Structure formats: C-alpha cells, structure tokens
Amino acid sequence: METRSSAEKGPLPDAQRVASGSLHRTTTAQSKADEAAGRQPRRPAMATIADDDDRLLVRIGYTPVLQRHFSRWSTVSYAISILGVLGSVPATFGSPISAGGPATAVWAWFFGSIMAYCIASSVAELVSAYPTAGGMYYVTKHVVPKESVAAWAWIIGWCNFLGQAAGVASLAYTISQMILATAVMHAPLTPEGVPSFTPTALQTVLLAILVLCLFGTICSFPTEWLHKIILWFAPINIIASICICIALLILTPNKQSAKWVFTEVTDGSGWGSKGFSFLLGFLSVAWTMTDYDGTTHMSEETHDAAIRGPVAIRMAILVSGIVGWILTVTFCFCMSDYEAIMSTPTGLPVAQIFLNAGGKTGGTVMWFFVILVQFFTGCSAALANARMAFAFARDAAFPFSKFWCKVNDLTRTPVNAVWLVVAFCSCLDLIGIGSTLTIVAIFNITAPALDISYIAVIIAHRWYENQVQFIPGPYTMGRWSKPVNAIAVTWVCFISVVLFFPPTKPVTPTNMNYAICVAGFIGFFSMVWWYAGARKTYVGPRTTDQIDMLPPEDPEDILSDYDHDLP
C-alpha cells in the first residue's frame, strides 16, 4: 500500500481544490506569523486527514448528518457479514454441483474468489479517495469529465441501487425457502414416504416480506446500536462454519473420495461441453462474492473510513474466500448419495446433507445457524442498500427525494430510505407469486448489475485519467493498480456473459435464463426516463453547489458552527 499527498503536481478534484482554497488564508496567515517569530513556516494541511472524517466529508462537499460509531472491528465484521458465506454457499450450492459436478463447485469457487479479490481491490482503491455513503456512485463524479458526470452517475447509481435491491429481495426470499425447508424436514411422511408438507409460492413470498420487515426494523436502529449488533455477525459466521464442517465430516457415513471431489466434472448442463458446464458453476461464487462496496456505503458512519473501509473490503474477500471454499469441499465430501441429495424434497441439497448427517435434531441445529447467518447477510445488504438510497436521494435522483433522504431526529439514521428499500424489495418478491421464472431472473441480475457498475467506474477512471486528475486516498495499489484493474474488468466482462446463458439445454420457457431480459428492460427504462426528463433536472452528486457556498475558512470551524446549531 502506498500513500500520496495532495501537494503533488496537477489540478485537484473539485472537493479537494475547494478545500485547499478554503484553507489558504488560514495557512498563509500562520506562515507569516511563524516567519515573523523566527519559526519554520507550517505546511498546508493534507487533503486526507486520518481520524478526522467529518472534516474530510466537508471537503468532499457534504454536510455530516450521520453519527460515526463503526470501529475497525465492526467495519470488518460488517464487510464479512455482507458476504455471509455460511448462508450463501448452502443457498447456491445446488447450481454449480448440478451444472458441472463436485470439481466444478470446488474449483469455480477457488478461482472465482481470486477474481473477486481483484475486483474488490480495485473498488477499495477508488472509494478510499472519496469515502461517502454513495460509494462507487459518488466516485464517478471525480473520474469523468464534468460535462459527462450526470449521465455516468445516473447509470452507475441505478445499476448499483437496483443490483443491491435485487440482492436484498433474493436474500429474504432465500431465507423464506430455508425456513420452509426446515418445515419440510420435520413434516410427517405420507404412505409413499414423501413429506406431507409442500410450500406454496404464496407462503414463500409472504414469509419473505415478513423477513424484509425484520430487516427494516433492525436497519432503522441508531448507528451505535448497529455497531454493537454487527460486531457479532462475523464471529458467529466463521465459528459456526468451522464447527459445521467438523460435525459433517465426523457424522456423515460413506463419504466421497478425494478423487471424486476434486476431479469429477460432468456435463450436467446439457450443452455438450464439460468446459462450458464448468463455467456455469461460477454462479455460486458470483452471487456470494459481490456487493464489495457495501462497506463503503457505511463510510459516513465509520471512524477513519478512508482506511478502514478498503482494508475491511479486502479482508472480507480473503476470509470469505477461504471459509467458502472449505464449506464447498466439505459439502462435496458429504454427498454420499448424490442422486438422492440432488432430488431432495427440501429443495436445497445442503439441507439434505445436514439431515443425513445429524438426523432431524442435529440437522436442524446446523441448519438454524445457516439461516441465522443468511439473516445477518440480509440485514447487512439491506443496510448498504438503504445508505445507497439515502445518498442517491440526497442528490435528487428519486421522485420525492427530499423525503427519502430525511434523517430521523430520534435515531439520526435515514429511516425513510430504509423503508423505501423494504417496500421496493417487497414488490420484487411479490412477483414470485405469479411467476417463479421472473423472480429467479430478477435475482440472477444481482451479480452482473453490481459488478458492471464497479467496472464501469474503473474503466472511466482509466479512460479519462489523462483528462481528469484523480488524487488517490490513503489506500492505493501503486504500480499494481493498472494490472489488477485490467484483470477485474476482463473477468467481469467474461463472466457476465456466461451468467446470462440458460443454465441447461435444451432451452425451454421453464429453464430459460431471463436475467438478460430483465437487464434489457432496466436499461431501456432508465434510458427512457433519462431522456424524458431526468437529464434536465439531475446533475449528478450535488456537492458543487454546497462547496461553492462554503465560506473561506477552515472546514474545522465550519464543523464547529454546524455542531453548535444541532438540537
């Protein structure tokens, strides 16, 4: 990691240039006084000041309205919990194992985690320079020419918001499926030997909406409460994952061989190619290892966010990649009866693996922790989505934006934005009542939409780097930045195409991957909205007007005046 001072040659970005201007009179007066007293003149303050986040936020151009309570460990815990491997891997394990067999699940996760680390490192470098609730959406303002900011920010913002919303809705839906799978595990058997209870689409959706309301309730808590709660998310996730792996390996009879686990690749997709079936196995890791900038959406509630956010992002990918791979390998070893497990009446192969190993009681205990961690992941994702909605509304990108960006006087958190997310995600889940195909397509758009929003900013940064001066934050990859950026962009472009393919062949209306249709509709709708009127009112992140209004004095004095005016 390298650091770079704002005193380097080249024009400063708007926020830092104005900040330097606002400090000029103060530092000049101090220098003259020092010279008169025979002291060494003082150097101007740096653009990035450690442990002085509100001052930095003022320099960026936003008035601090949220409270900072997230510490180093709660930030790391949050970053790990938003990936939530113990919940996400069991929920998605069926896709790679059915597409290409056990070796596909194992090695797709391994290679996918490495690629995720490259994307996350690229994201971390950019958001370190501008740690705001907008995350990569706000960074857009400082990597493209001024005349292009509005269009770029509009596209990136909507991709990010909708991708996150689809992820939150899918997490709630998956938790609902997991809970109902537990009910199936405990249901009495019919004379034919099958469970007497089969969940309906209506039951799944209604339970998902209830879960979303629980997300909303927790995300409405004051930041100090959230900090104390989230501290426990990562430890429970990691400890439970390790204990479950040990329990499964001890309790499962007739485990599969290492050769079968690590080398068995099948053409379960029907596309006539084991290689292509292997590529389809990346769905699990792509769906789990995303939302990298979720941590940065909490930047305005985190101490020393310019450093702790990027560090937490990379640490989360590293820890989650290792734990997720161990879980995947363990599940493959424990597939003693492959056909029976894949055709389980619970609908989730891992639930059957737990049932086989621990019986109803032991299986339910292990399954409880899977559901619990998935709930943690849903809370974390909803929190990130709500802060993104707050940032987007703050810049007048929503209808009735002033209402959605309002901060609650009691909790000092954007409660209105939280419940906007809950309402929107509930509407997405309601589609599942009428069409399972459509709801699955919406969920499948999560990873491509988020990853494309990331690489779009990375591409813009590199494309315009000779026209737009970008001053890195405290975290930077130095000479490794461009190669890692290139790997991240290449991978996302490649894997996004793969993830839009139908998972099996022959392609029928039932197994068609409608994610590409959803992506096309979102793109068409957003462009129509843009040209119909949004381009006349939306100007991108609205910091310029606020910065221009700042008096020529030290931002520290501005913060003191602001704090004095608070009720």
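A Cβ is built for glycine as well, from the same backbone N, Cα and C atoms used for every other residue.
According to TrEMBL, the feature region 'Disordered' maps to 1-43 (among others).
According to TrEMBL, the transmembrane segment annotation covers 76-94 (among others).
Sequence annotations record features per position, and here TrEMBL assigns transmembrane segment to 106-130 (among others).
Residues or ranges marked as transmembrane segment by TrEMBL: 151-180 (among others). Counting residues 6+ beyond its ends, the transmembrane segment (151-180) has Cβ neighbours under 8 Å at 87, 90-91, 134-137, 140-141, 144, 199, 203-205, 207-209, 211-212, 215, 290-291, 293-294, 347-348, 351, 367, 370-371, 374-375, 377-378, 381-382, 384-385, 388-389, 392, 395, 397, 421, 424-426, 428-429, 432, 439, 442-443, 445-450, 452-453, 456-457, 460, 522, 526, 530, 534-535, 538, 540-541 in the same chain.
The transmembrane segment annotation in TrEMBL covers 200-222 (among others). Packing against the transmembrane segment (200-222) from elsewhere in the chain are residues 67, 168-169, 172-173, 175-177, 179-180, 229, 375, 378-379, 382-383, 386, 408, 411-413, 415, 418-419, 421-422, 425-426, 429-430, 432-433, 436: each is 6 or more residues past its ends and has a CB under 8 Å from a CB in it.
Among residues of the same chain six or more beyond the transmembrane segment (229-251), those with a C-beta under 8 A of the stretch's C-beta atoms are 70, 73-74, 76-78, 80-81, 84-86, 218, 221, 319, 323, 326-327, 330-331, 333-334, 353-354, 357-358, 362, 366, 369-370, 372-373, 376, 379-380. Taken from TrEMBL, the feature transmembrane segment applies to 229-251 (among others).
The transmembrane segment annotation in TrEMBL covers 271-290 (among others).
For the transmembrane segment (311-338), the residues of the chain that approach it from at least six positions outside its boundaries are 75-76, 78-80, 82-83, 85-86, 88-90, 93, 97, 102, 105-106, 109-110, 113-114, 116-117, 120-121, 123-124, 234, 237-238, 241-242, 244-245, 248-249, 252-256, 258, 260-261, 284-285, 288-289, 292-293, 295-296, 349-350, 353, 356-357, 475, judged by C-beta separation under 8 angstroms. What TrEMBL records for 311-338 (among others) is transmembrane segment.
Taken from TrEMBL, the feature transmembrane segment applies to 365-393 (among others).
If you look up TrEMBL, you'll see 414-433 (among others) marked as transmembrane segment.
Note on the transmembrane segment (439-464): residues 119, 122-123, 126, 136-137, 139-140, 143-145, 152, 155-156, 159-160, 162-164, 166-167, 169-170, 173, 283, 286-287, 290-293, 428-429, 431-432, 470, 482, 485, 488-489, 492-493, 495-496, 499-500, 513-515, 517-519, 522 of its chain, located 6 or more positions outside it, place their CB under 8 angstroms from a CB of the stretch. If you look up TrEMBL, you'll see 439-464 (among others) marked as transmembrane segment.
Annotation source TrEMBL lists transmembrane segment at 484-501 (among others).
Residues or ranges marked as transmembrane segment by TrEMBL: 513-532 (among others).
Under the heading region 'Disordered', TrEMBL lists 546-567 (among others).
The annotation compositional bias 'Acidic residues' is assigned in TrEMBL to 551-560.
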Any contact, the transmembrane segment (484-501) to the transmembrane segment (76-94), with at least 3 Cβ pairs under 8 A: no
Of 106-130, 271-290, 365-393, 513-532, whichever stretch has the most CB pairs under 8 A to the transmembrane segment (76-94): 365-393
